Amino acid sequence: MMHSAVPAVDFDGALVRKLSQSGPRYTSYPTADRFAASFGYSDYLKAVARVRMRGGTRPLSLYVHVPFCEKLCYYCACNKIITKKREKADEYLGYLKREIELQGKLFEGLNEIEQLHFGGGTPTYFSDAQMDELMAHLRRCFRFAADDRGEYSIEIDPRTVSPERVHSLRAQGFNRISLGVQDFDADVQKAVNRIQPESETRAVITAARAADFRSVSIDLIYGLPLQTLETMAVTLDKVIDANPDRIAVYHYAHLPRLFKAQRRINEADMPDSESKLQMLSLCIERLTAAGYVYIGMDHFAKPEDDLAVAQRQGRLHRNFQGYSTHAEADLVSCGVSAISSVGGSYSQNVKTLDEYYDAIDRNELPVVRGVRLTLDDTLRRAIIQMLMCHFELSMNAIEQDFPITFRSYFAQELDKLAEMERDGLLAIDGEWITVTGKGRLLIRNICMVFDRYLGQPQAGEQVVRFSRTV
Ligand code: SF4
């Protein structure tokens with residue numbers, strides 16, 4: 001249910017400066033740092049059993065993680081393995097196929113896959129032939145919805161993909177493509193060790209259009225070394241000229257103590273926080289002027305793109321792959337470190353290749369930690385998702401779906417929201433919490449109010465370090 005047209009985003013530098021803080025991106029709730037090591041393979045099997053008991057009414061979504069990259073980008077914060085030894089991909093593919101087979105058996109007879117996403121690392125580290133083999137294997141183990149009903153996407157590194165390869169990917173079943181660009185400026189590219197000529201990127205986009213990909217997306221990053229307002233303006237002009245359907249603009253979180261790769265970045269080249277804010281403001285201004293709609297949390301899309309349409313119709317959701325039009329799906333994830341969301345649980349795979357291979361050699365799924373959601377988790381997840389996707393929340397609708405009285409259950413949260421209302425981030429009336437244009441950039445702060453775990457000591461070994469909210 002929607003009650004208001006989604007307001008345009010309104011950049012208020014003073015407010016962002018005052019309120020920006022570290023916070024989760026809420027691709028899941030509870031966030032991954034709350035997953036417990038006590039949750040293992042047998043708990044995952046119970047979660048699948050719950051899906052079976054429901055009769056498999058939800059569609060399925062599939063994520064495949066390919067951890068390899070040829071070269072290290074210095075800004076990288078992903079779980080990846082840098083290697084030029086192609087035989088490693090062969091060995092990985094063998095184990096991945098066995099994991100997919102195990103998962104396929106668990107979900108046999110249940111719903112079709114409506115969403116597939118390949119992420120990494122670099123998914124196209126697999127050769128064309130390896131990808132053929134993998135996609136054929138996936139089709140043997142799962143049933144896929146027809147091309148016009150399914151969202152089948154892959155992350156591409158244009159440095160490693162030829163126009164011919166783009167056509168192969170389409171023939172293999174992908175219908176959405178997302179390209180890592182980050183910045184078109186040659187000096188910035190050098191400073192982050194990712195040299196990627198504009199011509200290569202343009203060639204991939206042209207090929208994707210010719211091959212009839214339904215959506216082409218470009219990823220950018222602001223806050224990289226040597227970026228200035230001027231370089232950013234040039235990059236944005238080039239991106240707009242390339243005319244992608246979606247654009248993601250991520251904030252670079254420089255956390256060299258946490259991510260070893262980032263220690264190679266020269267600190268003296270880093271833009272200060274004031275310049276970064278101006279860059280963000282420029283991105284919003286240029287992209288909205290070019291006709292893109294601000295979807296939320298770093299994402300822009302053309303008004304006719306599925307994401308923007310789904311948002312207007314109140315059907316937008318958010319999961320580990322970011323915004324999606326297919327959210328009520330159970331997500332089955334394969335590969336090292338991949339996170340599944342099945343039957344009211346989250347579960348994550350082991351992070352190293354050795355552990356991954358060992359588990360599969362035992363014929364077990366390599367689940368290493370996770371969490372079964374309580375009713376309170378499910379409630380808060382629904383609220384956070386609603387706010388992230390639609391920037392408004394009907395308290396009555398929540399009361400219809402959950403056995404609570406909103407104003408008493410969330411009395412403390414509403415007090416905190418009242419402060420935010422005074423700051424102009426949102427408005428609260430008898431039924432609705434509505435995020436204003438100014439509040440949209442600070443949506444993570446608003447969602448954090450509903451996160452019961454923030455500030456609580458953690459059970460696991462991980463220390464949470466979230467990036468800043470803007
Ligand atoms: S940023 Fe992406 S391509 Fe670069 S090293 Fe990290 S995972 Fe690989």
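Any Cβ shown, glycine's included, is placed from N, Cα and C.
Now, the feature entries from TrEMBL:
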DOMAIN    54-298  domain 'Radical SAM core'
BINDING   Tyr63, Gly120, Glu155, Ile339  S-adenosyl-L-methionine 1 binding site
BINDING   Cys69, Cys73, Cys76  [4Fe-4S] cluster binding site
BINDING   Tyr75, Cys76, Ala77, Gly121, Thr122, Gln182, Arg194, Asp219, Ala253  S-adenosyl-L-methionine 2 binding site
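Candidate binding-site residues: Thr122, Arg194, Ala253, Ile339. Nearest to Cys73 ([4Fe-4S] cluster binding site) by Cα distance: Arg194. Sequence-distant neighbours of Arg194 (S-adenosyl-L-methionine 2 binding site) (same chain, 6+ residues apart, CB-CB distance under 8 A): Lys71, Cys73, Tyr74, Arg159, Gln182. Listed in chain order, the residues near the [4Fe-4S] cluster site other than Cys69, Cys73, Cys76 are Lys71, Leu72, Tyr74, Tyr75, Cys78, Lys80, Ile82, Arg194, Ala261, each with its Cβ within 8 Å of the site Cβ centroid.
Among the binding-site residues Tyr63, Thr122, Glu155, the residues whose Cβ lies under 6 Å from any atom of ligand 1 are, in sequence order, Thr122.
Residue pair Cys69 ([4Fe-4S] cluster binding site) / Thr122 (S-adenosyl-L-methionine 2 binding site) shows a Cα separation of 5 Å. Sequence-distant contacts of Thr122 (S-adenosyl-L-methionine 2 binding site), defined by Cβ-Cβ distance under 8 angstroms and a gap of at least six in the same chain, are Val66, Phe68, Cys69, Glu70, Lys80, Glu155, Asp157, Thr160.
In terms of C-alpha distance, the listed binding-site residues Tyr63, Gly120, Ile339 place Gly120 closest to Ala77 (S-adenosyl-L-methionine 2 binding site). In the three-state DSSP classification, Tyr63 (S-adenosyl-L-methionine 1 binding site) falls within a strand. Across the domain 'Radical SAM core' (54-298), the prediction's mean pLDDT works out to 94. Following the DSSP three-state reduction, the secondary structure of Arg194 (S-adenosyl-L-methionine 2 binding site) is coil. Ranked by how many other Cβ atoms sit within 10 Å of their Cβ, the binding-site residues Tyr63, Tyr75 place Tyr63 at the bottom.
Among the binding-site residues listed (Tyr75, Cys76, Ala253), Cys76 has its Cα nearest to the Cα of Gly120 (S-adenosyl-L-methionine 1 binding site). The Cα of Ile339 (S-adenosyl-L-methionine 1 binding site) lies closest to that of Cys76, out of the binding-site residues Tyr75, Cys76, Ala253. For the pair formed by Tyr75 (S-adenosyl-L-methionine 2 binding site) and Tyr63 (S-adenosyl-L-methionine 1 binding site), distance between Cα atoms is given as 24 Å, rounded to the nearest Å. Reported as a whole number, the C-alpha separation between Cys76 ([4Fe-4S] cluster binding site) and Ala253 (S-adenosyl-L-methionine 2 binding site) equals 10 Å.
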